[in-house]
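Each remark here refers to the structure printed beneath this line.
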Amino acid sequence: MPGKLLWGDIMELEAPLEESESQKKERQKSDRRKSRHHYDSDEKSETRENGVTDDLDAPKAKKSKMKEKLNGDTEEGFNRLSDEFSKSHKSRRKDLPNGDIDEYEKKSKRVSSLDTSTHKSSDNKLEETLTREQKEGAFSNFPISEETIKLLKGRGVTYLFPIQVKTFGPVYEGKDLIAQARTGTGKTFSFAIPLIERLQRNQETIKKSRSPKVLVLAPTRELANQVAKDFKDITRKLSVACFYGGTSYQSQINHIRNGIDILVGTPGRIKDHLQSGRLDLSKLRHVVLDEVDQMLDLGFAEQVEDIIHESYKTDSEDNPQTLLFSATCPQWVYKVAKKYMKSRYEQVDLVGKMTQKAATTVEHLAIQCHWSQRPAVIGDVLQVYSGSEGRAIIFCETKKNVTEMAMNPHIKQNAQCLHGDIAQSQREITLKGFREGSFKVLVATNVAARGLDIPEVDLVIQSSPPQDVESYIHRSGRTGRAGRTGICICFYQPRERGQLRYVEQKAGITFKRVGVPSTMDLVKSKSMDAIRSLASVSYAAVDFFRPSAQRLIEEKGAVDALAAALAHISGASSFEPRSLITSDKGFVTMTLESLEEIQDVSCAWKELNRKLSSNAVSQITRMCLLKGNMGVCFDVPTTESERLQAEWHDSDWILSVPAKLPEIEEYYDGNTSSNSRQRSGWSSGRSGRSGRSGGRSGGRSGRQSRQGSRSGSRQDGRRRSGNRNRSRSGGHKRSFD
């Protein structure tokens, strides 16, 4: 066992430490004489260098095991050896971050008792455990100062991510660059680290009232604040300021007077300072447009042009270095960006022609739900997918929707709002509280969609499909960050199914259609939360309730009494079933599975009409064909499900209640006419000619219904397109700060 080996090694090492200095020297001379007869020259020099004799050397297998423990996450064995063998080594060694070899070798020199050959073999094993990404991103591969490395490690960064590796060289060398990478991959540090190193390398005499050398423009206040924080976290020599609306002008004026090296901000407030003559951008050397697709859109393009036009001259190589970053870069961005770029510029695209544009660490789910049922279903989704401890963001389309959702009683967790009408000071308090876990649910508009880096977010909910694919990609990217996995759930109505397919096509993702959380899912999640809450109850408090608990056990029995208590603690005293197909309350989804493949749902209707009473069949609605054509699923009122199961007797068709929504071939489209047509066709079919006539009539009405539906969809699509065009064309009239 490793523990015994480690203890044995330490016990062996303790004996020579207690010897006097003269005894130690005498014994070492004797050992060296013996070693001439038993070891080759390499081994003799190794013994003299380390001052450790052969009777102290543990077998290599033991040392290898100890070193492997060190190179994983546990270094206790190494620390104990170090403390015992080197009295001057008082402080406990910190964890080795991500297998950083240089740091490991530097710290390991403190322990002179370790065998050199074993040390080298351990380094080789450490090399083998590093991934290709870690090797390519090792700090030693880049001109990064020790001070910056130390600050990066303080932020938990132990190597550069792929986008940072690809962009470091061009940014550090002063080249213009357009970079695209998925959300959550570290784009901010992609320009922050090399710019800081470049400025610190060429740092001039610090003067008061010095003009900024770096300008970073961001579309939202929240993103600007976060980018500024990232800069501040990795430099102590440079002055970093952040200007955005909703905050005091005076504090920003004081920053200008004291001198700024790196200025981060939103276009509106920076333009205000320029027009007032307080801010001088004539000394700019580097310009960064973060979320460039939004910065160059009509809503911001005019303000960006007003801010930086004085620093740019046509086709001049003396123009500032221009760096453009985003997770989404449509082709028009590249065309518009050329007016700011030098003739030779670099392009880094880690998305490229890959099918999937969204983050690969996010699972995308879709739930069909009528808008009136949405708050209640979202409450259940939060409970099952996030629990009481997980963090979640709910995106809504309007500020009014955000407020209503956050205040809805179905959202049991503590939720806070974030949108443009909230005062900036409160927005900052809200974001700080969400980061620190003071509350678990943030309900927001698109102000929280871009750039916010909160790795602990487990779940993103989109209350409806967004109007454009870029919004979906950025919203879903608020989870699954920094190597973690996440879930994004999009709610939709039947008429929005086309929007969902459009997002799938353009973002390169596939939504997994799921039903609302089942009763068992809710019970399991709530009971786990209740059990966890019991751990916080002190023994002193428990003593007060022992008599009552004993009385309950005698009356109800231990299991029933505890089950009732857990149900009450979790707030789950009752459950009302919902349709897995549409999320409607008061319905149960059932499946009717065939032993053979069926052509369409009419086969199931025929079988139901043959086996069940007409009254029972009339209760069935929303029938859908299952994947593989091996049956159907449908909804019945909660009161009818048990009666249908009791009436059903058929060995070739299996009627059951599924725990989760099965995979569906054809989805219910919100129109009951098709179900009615199929029912009437088959029931009339038993009457001969009239049945065929009824079927034909139903077919004609069905075709008319479908044509009307398509016409309505086209009109609805034109309305949505018109809204988007109006929004874009009028964007330049808005003021962004």
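Think of each number as a place in line: the chain as shown, counted from 1.
Glycine residues also receive a Cβ, built from the backbone N, Cα and C atoms like all the rest.
Cross-referencing Lys125, Lys271, Lys313 with Swiss-Prot, the residue annotated as SUMO2 cross-link turns out to be Lys125. Per Swiss-Prot, the residue annotated phosphoserine among Ser64, Ser86, Ser108 is Ser86. For the residues Ser82, Ser425, Ser471, Ser573, the entry in Swiss-Prot flags phosphoserine at a single position: Ser82. Checking Ser35, Ser41, Ser91, Ser673 against Swiss-Prot for the annotation phosphoserine singles out Ser41.
Range annotated as motif 'Q motif' by Swiss-Prot, chosen from 137-165, 340-368, 427-455, 601-629: 137-165. Of the listed segments 274-277, 290-293, 526-529, Swiss-Prot assigns motif 'DEVD box' to 290-293. For the motif 'DEVD box' (290-293), the residues of the chain that approach it from at least six positions outside its boundaries are 178, 187-188, 216-219, 223, 227, 324-330, 333, 337, 450-451, 470, judged by C-beta separation under 8 angstroms. Look at the Cβ of each of the recorded positions Thr183, Thr185, Thr247, Ser518 and count the other Cβ atoms within 10 Å; the largest number goes with Thr183.
Each of the binding-site residues Gly184, Gly186 was scored by the other Cβ atoms within 10 Å of its Cβ; the lowest score goes to Gly186.
Between the candidate binding-site residues, Arg182, Lys187, the densest Cβ environment within 10 Å is the one around Lys187. Predicted-model confidence for the motif 'DEVD box' (290-293) is 91, expressed as mean pLDDT. Counting residues of the domain 'Helicase C-terminal' (380-524) by DSSP class, helix then strand then coil, yields 59 helix, 28 strand, 58 coil. Taking DSSP states H, G and I as helix and E and B as strand, the motif 'Q motif' (137-165) has 16 helix, 0 strand, 13 coil.
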